[in-house]
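Okay, structure first, notes after.
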Amino acid sequence: MAKVFIILAIFFTYILQFYVPMEIVWRNTKHFVGQKYHNIAQGVMRAFFAILTVIAAASLPRLEQVIGLEGAFFYSFLGLIAPSLMELIFCWERGLGKFNYI
């Protein structure tokens, strides 16, 4: 029963998770498609990227380990390094211009 709920949760939240990447891709590609075919092109693009993510997930046998490694690396970066860099760049009093960070 838990697997059914996990499948439903992924199915219903995939749309929300995929909204921002699709908006970025669509903003850069919509001028290649005529106004008449915007809805069709957007549907085809969404289906293509959804199928592409399923193929990527199915073709990587150790995807769970890769996601864990990536999460461990980027969590430490976002928690430790990124705040100090933002503090350095945005709160420096004077003299901090291009290439003056070191």
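Placement of Cβ uses the backbone N, Cα and C atoms for every residue, glycine included.
In TrEMBL, annotation is done automatically, which means it is predicted and not curated.
Noted in TrEMBL for the protein shown:
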- 2-93: domain 'Amino acid transporter transmembrane' (DOMAIN)
- 6-22: transmembrane segment (TRANSMEM)
- 43-60: transmembrane segment (TRANSMEM)
- 72-92: transmembrane segment (TRANSMEM)
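Here the transmembrane segment (6-22) has long-range neighbours at 42, 45-46, 49-50, meaning same-chain residues at least 6 beyond its ends whose C-beta is under 8 angstroms from one of its own. Residues of the domain 'Amino acid transporter transmembrane' (2-93) grouped by DSSP class, helix first, strand second and coil last, total 84 helix, 0 strand, 8 coil.
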